[in-house]
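According to TrEMBL, the protein carries these features:
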type	residues	note
DOMAIN	14-133	domain 'Alpha-D-phosphohexomutase alpha/beta/alpha'
DOMAIN	161-261	domain 'Alpha-D-phosphohexomutase alpha/beta/alpha'
DOMAIN	268-360	domain 'Alpha-D-phosphohexomutase alpha/beta/alpha'
REGION	361-388	region 'Disordered'
COMPBIAS	378-388	compositional bias 'Basic and acidic residues'
DOMAIN	404-477	domain 'Alpha-D-phosphohexomutase C-terminal'
Amino acid sequence: MTVARSAESVKAVVKAYDVRGVVGEQIDADFVRDVGASFARLMRGEGATRVVIGHDMRDSSPGLSGAFAHGVLDQGLDVVQIGLASTDELYFASGHLGCPGAMFTASHNPARYNGIKLCRANALPVGQDTGLATITDELVGGVPAHDGPRGDMTEQDLLDAYAEFLRGLVDLSGIRSLKVAVDAGNGMGGHTVPAVLGPVTQLEIEPLYFELDGSFPNHEANPLDPKNLVDLQRFVRETGADIGLAFDGDADRCFVVDERGEPVAPSAVTALVAERELAKEPGATVIHNLITSRTVPELVTELGGTPVRTRVGHSFIKQQMAATGAIFGGEHSAHYYFRDFWGADSGMLAAMHVLAALGGSDGPGGGSLRNHGGTRGRRVEHSEKDRPLSELASSYTTYAASGEINSTVDDAQDRTRAVLTAFEGRAKSVDRMDGVTVQLPEDAWFNLRASNTEPLLRLNVEARSQEEVDALVTEILSIVRG
């Protein structure tokens, strides 16, 4: 039996979907060893015989992942160490080897943090309702010792296998020559991009911040924040690149900028990838969260597919991916999920779809994007193989959007009620799947939802024009912040 801990200290780091905290204060080698032991007990009870472990470039990651491995070995399960990896490479390993996995990363959090993302075999997620609550209980009460033989540890380099697998899913062999600027943010994209995209002879990679450095000396590896895209935007313009890609710390998310250095909305990327996936399997289901642009479900419907709307959060997307057999899922936060990738998310795979479409490949959707304008004429014809990304992306951008705007509030429910009262006479409908989503005339809508962890209200607005968006944002924020 391992040492008992206070429930408060354990619950502070075992979150809804992962384990995360400050190294040396909240998590250390002893703690993660016990997490490994408890996870191994849980997986052994489900028939697993080994666990695959990967880690990012943080200074603390090798030591912590090694301690976790010993906890797994103590419980009689074998360990496969793949070493430095992106999170989606770890998901690949879990699917490829058919075993549970653990990824040591704190994604874009500051250097003093680290964490663990856990999955079952075939990259199935482990969250509070699917194992983390059990692990929490054992960390508090003590993890029972295993009285059988100790497991064995091996090392395996799966980077090339991962790269070949992705290139097998998105064929880039027929694309035109492209100059691709990539900002790895000193994260794991610097490890995976050369392996995946380097062998594609038509791609000229212009690397920025590829040196692995968990102190993030240049900028936070979080491209969701516009200030962290500035270097890439400038780099794209300086190098004359056709496209820019920005990866977060563990390289599971990828943001795209066009040849002008302008960001391409994740909703537009979702629509583009959805079209390509539906070309492979007409009539398939595509998942999107409720604050993704309306363009996505409209396009999916026009193409004969079935759009399914979910709450915000990767666990909801993954649940619906599994429940519906969806071919693809996308979020506004640049997480993209693929059935062909065990339902897991891969920013690299999404980036490859954009490269294939931009490069006019002969694969699904590449080089032959149709006019989906219908009565609105909202999409333009793209038959030229040398069309720029700005033009390609515009065909998937029907509406103006605010992006997510956060407001600190004392009483989120009270502020939400006040907004609903103000729009009572204009609302066509209100749904409460996640916060409140209010449909307005002329295709406008907004969503207002409270953060689960902070005193914040998050606002997203979409409308036909930027003027409409700005007017709605001003009106709603005057109530929320008033």
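Positions of Cβ are set from backbone N, Cα and C atoms, glycine also.
Along the domain 'Alpha-D-phosphohexomutase alpha/beta/alpha' (161-261), the predicted structure has mean pLDDT 98. Taken through DSSP, the domain 'Alpha-D-phosphohexomutase C-terminal' (404-477) splits into 23 helix, 25 strand, 26 coil. Helix, strand and coil counts from DSSP across the domain 'Alpha-D-phosphohexomutase alpha/beta/alpha' (268-360) read 47 helix, 17 strand, 29 coil.
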